[in-house]
Amino acid sequence: MTTLEVEDVGPHADPPRRRSRVGSVVRNTLLNLAAGGGVLCIVLVILAATFHISLILFKTGSMSPAIPAGSVALVRQIPAAQVEIGDVVTVDRPGRLPITHRVIAIKPATDGQVWLTLRGDANPAPDAAPYLVSTVRRVLTSAAGLAPVIVAVSERWVMVAVTLTISALVTWAFWPRDGSGRARRAKHRAS
């Protein structure tokens with residue numbers, strides 16, 4: 001016995017295809033955004049590793065007003081011999097956190113090292129002692145107020161939530177739909 005399926009094509013019919021198209025557009029847009037974000041992250045990681053670029057978060061206001069507390073700076077590691085007076089650089093301090101201040105004096109040392117005298121823009125006096133360095137991280141640019149956002153996004157629960165959301169999106173995008181693949185082929189063979 002053969003059954004004949006009749007589709008409702010009247011003027012008030014709500015075709016499932018329209019909903020399917022909207023869902024498909026939304027699904028494809030979200031999937032493309034996630035894929036683009038993933039590619040962007042990969043490119044940024046490769047560029048950061050290749051050009052020795054990283055981010056520095058500012059907890060204090062010692063560089064205000066140029067770089068206020070809560071700012072994030074994009075920095076690039078360079079040989080200390082390339083530093084110029086007026087540059088804002090980050091230097092590592094043994095056993096302590098790195099410090100980011102403006103270079104106010106440079107004195108050559110041996111083996112590519114230099115003595116840098118630094119001072120925070122908001123500080124009345126230079127740092128207590130000069131720093132002997134062979135490399136520094138020079139500030140390329142900074143953005144005020146982004147440090148708390150980066151800290152929040154770096155939280156474990158946020159990373160888990162983002163990972164689960166993107167995983168759900170990818171699963172949703174590739175999950176078989178009614179009328180897809182096998183169902184369409186079976187319907188086509190029956191007709």
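From the backbone N, Cα and C atoms, a Cβ is placed for every residue, glycine too.
The following features are taken from TrEMBL:
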| type | residues | note |
| --- | --- | --- |
| REGION | 1-20 | region 'Disordered' |
| TRANSMEM | 30-58 | transmembrane segment |
| DOMAIN | 39-106 | domain 'Peptidase S26' |
| TRANSMEM | 157-175 | transmembrane segment |
>> Using Cβ atoms and a strict cutoff of less than 8 Å, what residues sit near the transmembrane segment (30-58) while being 6 or more residues removed from its termini?
In response: 67-78, 90, 98, 100, 137, 139-140, 142, 147, 150-151, 166, 169-170, 173
> Residue counts in helix (H, G, I), strand (E, B) and coil for the domain 'Peptidase S26' (39-106), per DSSP?
Replying inline: 16 helix, 30 strand, 22 coil
